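Enquirer: Structure in structure tokens, see below.
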Amino acid sequence: MSEGIVLKAGRGTYIVQTDTGRIIPCLLRGNLKKNLTYPESTNRRHRVEQAKKRRETDPIAVGDRVDVTEEEGGRGVIEVLHPRRRSLSRQSGNERERQTIVANLELAVVVFAAREPNPDLWKLDRFLVLAEDAELDLLIVLNKADLAPPEEIEAVAEPYRRIGYGVVAASARTGIGIDELRARLKGRISAFCGPSGAGKSSLLNAVQPGLELKTGDIGNVTWKGRHTTVSTELLPLSFGGWVADTPGLRQVEFWDLATEDVGFCFPEMRPFLGNCRFADCRHRTEPDCAIRAALARGDIDQRRYESYLEMTK
Ligand SMILES: Nc1nc2c(ncn2[C@@H]2O[C@H](COP(=O)(O)OP(=O)(O)OP(=O)(O)O)[C@@H](O)[C@H]2O)c(=O)[nH]1
Ligand SMILES: [Zn+2]
């Protein structure tokens with residue numbers, strides 16, 4: 001038996017990459033298969049039963065760790081599904097089912113251009129908040145570093161570094177920062193997101209030539225991936241690690257986070273939350289607000305605070 005990771009999943013067939021680097025098409029062993037149901041089931045009664053059981057539409061997701069036995073003809077059978085450390089999931093069409101988009105996704109790489117176009121920091125903050133809400137680790141990449149002087153990039157990066165975020169200045173064109181990016185991607189599952197034109201595809205191609213992201217007009221989605229039906233695929237990196245190509249997650253535009261949760265998605269606010277006089281403080285004009293006190297002391301950046309206000313309007 002060998003251990004591996006699921007790169008692709010669909011209709012009872014899975015592509016597994018073993019830890020020794022072999023790529024094997026696999027089926028499921030019967031005892032795992034009994035949980036396998038298809039979301040497109042046309043039988044209404046069957047669909048209702050599925051919904052009642054609240055089970056997942058497929059027991060195995062892209063990113064899952066599995067044990068496989070290899071059979072003749074280069075095929076394999078998935079025998080064991082390892083417990084997930086995390087999972088990014090969405091409600092499927094039937095609102096009581098949850099479907100895992102990517103299991104064990106760890107890192108969101110948020111890509112913005114340093115120039116052309118100039119970074120829209122309000123938009124950047126929104127990406128960060130949504131990734132925080134999904135409990136992902138975060139890396140900010142300021143791409144097109146060849147177009148901006150280092151001081152300008154540093155001025156953008158500094159407030160984010162103070163919060164504790166990693167920021168890499170990179171250029172897909174000149175290769176600046178690409179080694180550092182590789183080091184951050186190594187050994188784990190990452191997803192790239194950011195506005196159109198920031199250079200996500202170019203960066204991935206610089207990280208590993210030939211690594212292709214699917215493109216497509218997916219429309220607006222959330223980190224939870226609602227409104228998208230495009231399936232995810234893991235692209236293996238030659239130096240170890242995977243990039244989750246989840247086209248629907250590449251451009252997060254849709255806003256779908258409860259106002260009271262937004263504060264927790266600003267890491268610099270977390271230490272002060274719960275210290276305001278009013279439990280339901282909105283950190284605007286209320287007296288004895290711990291967030292505004294932190295702002296006055298300079299512990300919270302004014303512009304980030306304004307982003308918070310904007311998101312909780
Ligand atoms: N000067 C410069 N241009 C870059 C760099 N990286 C990407 N570009 C250019 O920026 C444009 C957008 O790059 P893409 O890689 O297509 O951007 P993307 O983020 O994948 O865009 P979408 O596929 O629309 O989401 C292209 O014209 C690239 O040639 C860079 O480091 N420096
Ligand atoms: Zn407050």
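Positions of Cβ are set from backbone N, Cα and C atoms, glycine also.
Found this in TrEMBL, in case it helps:
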- Asn143, Lys144, Ala145, Asp146, Gly194, Pro195, Ser196, Gly197, Ala198, Gly199, Lys200, Ser201, Ser202: GTP binding site (BINDING)
- Cys276, Cys281, His283, Cys289: Zn(2+) binding site (BINDING)
- 48-66: compositional bias 'Basic and acidic residues' (COMPBIAS)
- 94-252: domain 'CP-type G' (DOMAIN)
- 103-250: domain 'EngC GTPase' (DOMAIN)
- 41-66: region 'Disordered' (REGION)
Enquirer: Out of the binding-site residues listed (Cys276, Cys281, His283, Cys289), which are within 10 Å of Ser202 (GTP binding site), Cα to Cα?
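Expert: Those close enough: none at all.
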Enquirer: By a 10 A CB contact count over all chains shown, which of the binding-site residues listed here is most packed: Asn143, Ser202?
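Expert: Checking each of Asn143, Ser202, the winner is Asn143.
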Enquirer: Compared by Cα position, which of the binding-site residues Ala145, Gly194, Ala198 is the closest one to Cys281 (Zn(2+) binding site)?
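Expert: So, of the listed binding-site residues, the one sitting closest to Cys281 (Zn(2+) binding site) is Gly194.
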Enquirer: Which numbers of helix, strand and coil residues does DSSP report for the domain 'EngC GTPase' (103-250)?
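Expert: Grouping H, G, I as helix and E, B as strand yields 49 helix, 35 strand, 64 coil.
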Enquirer: Excluding near sequence neighbours, so keeping only residues 6 or more apart in the same chain, what lies with its CB under 8 A of Ala198 (GTP binding site)?
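Expert: In sequence order, Val111, Phe112, Ala113, Asn143 meet the Cβ cut-off.
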Enquirer: Identify, among the binding-site residues Lys200, His283, the residue whose Cβ has the fewest other Cβ atoms within 10 Å in this structure.
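Expert: So among Lys200, His283, the binding-site residues given, the one with the fewest Cβ atoms within 10 Å is His283.
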Enquirer: Neighbour count, 10 Å Cβ-Cβ cut-off, for Gly194 (GTP binding site): what number do you get?
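Expert: There are 25 of them.
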Enquirer: Those binding-site residues, Lys200, Cys276, Cys281, His283, Cys289: which ones have a Cβ sitting under 6 Å from ligand 2?
Expert: Cys276, Cys281, His283, Cys289
Enquirer: Looking only at C-alpha atoms, tell me how far Cys276 (Zn(2+) binding site) is from Gly194 (GTP binding site), rounded to the nearest Å.
Expert: 34
Enquirer: Near ligand 1, which of the binding-site residues Asn143, Ala145, Ala198, Cys276, His283, Cys289 are found, taking a Cβ distance under 6 A to any of its atoms?
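Expert: Asn143, Ala198, by Cβ distance under 6 Å.
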Enquirer: Average pLDDT across the domain 'EngC GTPase' (103-250)?
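Expert: In the predicted model, the domain 'EngC GTPase' (103-250) has a mean pLDDT of 87.
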